[in-house]
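Colleague: Starting off with a structure, shown below.
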Amino acid sequence: MGSRCAEFFSEIDKLRAELLKKVQVISDCQRVEKEISPGEILNRIENVILGIVTSLSRDEAPVLALPDRSNWDNISFDSSIGLQMNLGSSVTTVRSDCPMSVDKFAQIMKIFMVIYKLVQSNSYATKRDIYYNDTQLFGSQRNVDIIVDDISCMLKVPRRSLHVLATSKGLISGDLCYMEADGTRIDCRSSTVVSAVSSNIAGIRNIVSSAKFVLIVEKDATFQRLLDDNFCTKLSPCIMITGKGVPDVNSRLMVRKLWDTLHIPIFALVDADPHGIEIMCIYKYGSLSMSFEAHSLTVPSVMWLGLLPSDLQRLRVPEDALIPLTKRDESKLISLLQRPYSASQPDWQKEMEMMQRSKVKAEIQSLAAIAPDFLTNIYLPNKLRYGGWV
């Protein structure tokens, strides 16, 4: 049994050995992220307020300058980090004397006040708490979410250091135990146990796992199917996590935490469509809007396990299980191929170009057209055993 298990994981073990060599090089050169003290955070907020007071004392309308988090020209790419915001990036201005931006100016000032009090008192609040603090002012939860990230980027302080938390939507299961910040012990090892991803990843400690790999699953439906089929037991030891589509920051932080702690291969299982590929790229290289936190959010070692466009041809997935690409899909595919990181992944480029030529996409569930248990009992075990990732 032991020799069979060793044989099954031999390709994964080889991949881990390769990744560990790269980790040593990277750790010698970078990834040194200095913790910012509460006093320094308060000082940075006070400097912003001082600038506003100074403007008022000169009878000038105060203006806030926010780094532009939606401009690709502000982004550079480093294969060991991902997408990161450049120093001296262009900014957008929020004026206090402009009817178009006066509401946003007031919203930003309110959130600055909340954050200052949280940091000063060493207490925490969720973004939802902040919204309900003054629903009339903020108008929507989305406005709060955007402003909190804008402030984090403006102050060059990770959101968690601002003492603002977000409710997690991700789920995790498998060979994993850890302690939450409040002392709660989380044990995911039972095949029936699914835990919500913590809302305070920085506070997690005492991680214990003998997992050979982590599997990122794009969609909750696929995650639940793998749980129902006892995937974690059959391919034990492993860890599964899903962000239920486009991942929230906590799901991304958790994947990064697992990588930093365990240094085991991390695979992505996503639909063979442009949307799924983009979600995988967010885990691996980060996103445009959160590029200012790339050092703590990205995991460039993520490998694409499936569903590959080449798998559709190789496995002869029935045509009635394939879906024609829409115009929006084709535009997204062109955008992905033009991203700064595409050139560093020639195998991914080939897969995307194959999708372009075939003009079809497929969901992971399409494998059920071959056999109901094909995904769990044949596709994934063979992919993992024989190194079928790119």
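Placed from the backbone N, Cα and C atoms, the Cβ positions cover glycine too.
In case it's useful when we look at the structure, here is the feature table from TrEMBL:
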type: ACT_SITE; residues: Tyr132; note: active site, O-(5'-phospho-DNA)-tyrosine intermediate
type: DOMAIN; residues: 104-164; note: domain 'Spo11/DNA topoisomerase VI subunit A N-terminal'
type: DOMAIN; residues: 213-384; note: domain 'Topoisomerase 6 subunit A/Spo11 TOPRIM'
Colleague: Once the chains shown are all counted, how many other Cβ atoms turn up within 10 Å of the Cβ of Tyr132 (active site, O-(5'-phospho-DNA)-tyrosine intermediate)?
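Modeller: Within a 10 Å radius of the Cβ of Tyr132 (active site, O-(5'-phospho-DNA)-tyrosine intermediate) lie 12 other Cβ atoms.
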Colleague: Can you give the mean pLDDT for the domain 'Spo11/DNA topoisomerase VI subunit A N-terminal' (104-164), rounded to a whole number?
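Modeller: When the pLDDT values over the domain 'Spo11/DNA topoisomerase VI subunit A N-terminal' (104-164) are averaged, the result is 94.
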